[in-house]
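J.: Let me give you the structure first, and then I'll get to my questions.
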Amino acid sequence: MHCPFCSTEETKVIDSRLVSEGYQVRRRRECTNCHERFTTFETAELVIPKIVKTDGYREPFNEDKLRRSIQQAVGKRPVSEDDVEKSISCIIHKLQTTGEREVPSKLVGDLVMDELKKLDKVAYIRFASVYLSFENINEFTKEIEKLKKSQK
């Protein structure tokens, strides 16, 4: 790493510590030339994969689209904006940690379903009705029964 004071390429690490719940490393460095000390922070850069639609079309991940879908499902339900943001962060983190460059849109939908199931059962059913393309009341009933069984 270059010294920010004298631009020498040689620096040595004096101290390393985990910060930000272990997602970042703080390093104290010393320049071997001018002996100035400075701090650096290292964070892994995780990329969000592209989304592959069912028709094969590929598009960049759209966080706003995800947010709108979840907000529509939780509309007029007792779910805080903070809980919605936590769910969005969790979904994004799971997508980043797949290690894949592309993921099917079904994976995103399934992750949303998992988060909504934890967040609010009515919001889960609302989202499921669109995502799973319910065509009649029997399909609604089956999904509600599955939800009831999973609560036991």
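Yeah, the Cβs are placed from backbone N, Cα and C, and that goes for glycine too.
Pulled these from Swiss-Prot:
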type	residues	note
ZN_FING	3-34	zinc finger
DOMAIN	49-139	domain 'ATP-cone'
J.: Going by DSSP assignments with H, G and I as helix and E and B as strand, what are the residue counts for the domain 'ATP-cone' (49-139)?
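T.: Final tally across the stretch: 57 helix, 8 strand, 26 coil.
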J.: Within the zinc finger (3-34) only, compute the mean pLDDT.
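T.: In the predicted model, the zinc finger (3-34) has a mean pLDDT of 92.
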J.: How does the zinc finger (3-34) divide up by DSSP, counting helix, then strand, then coil residues?
T.: 0 helix, 17 strand, 15 coil
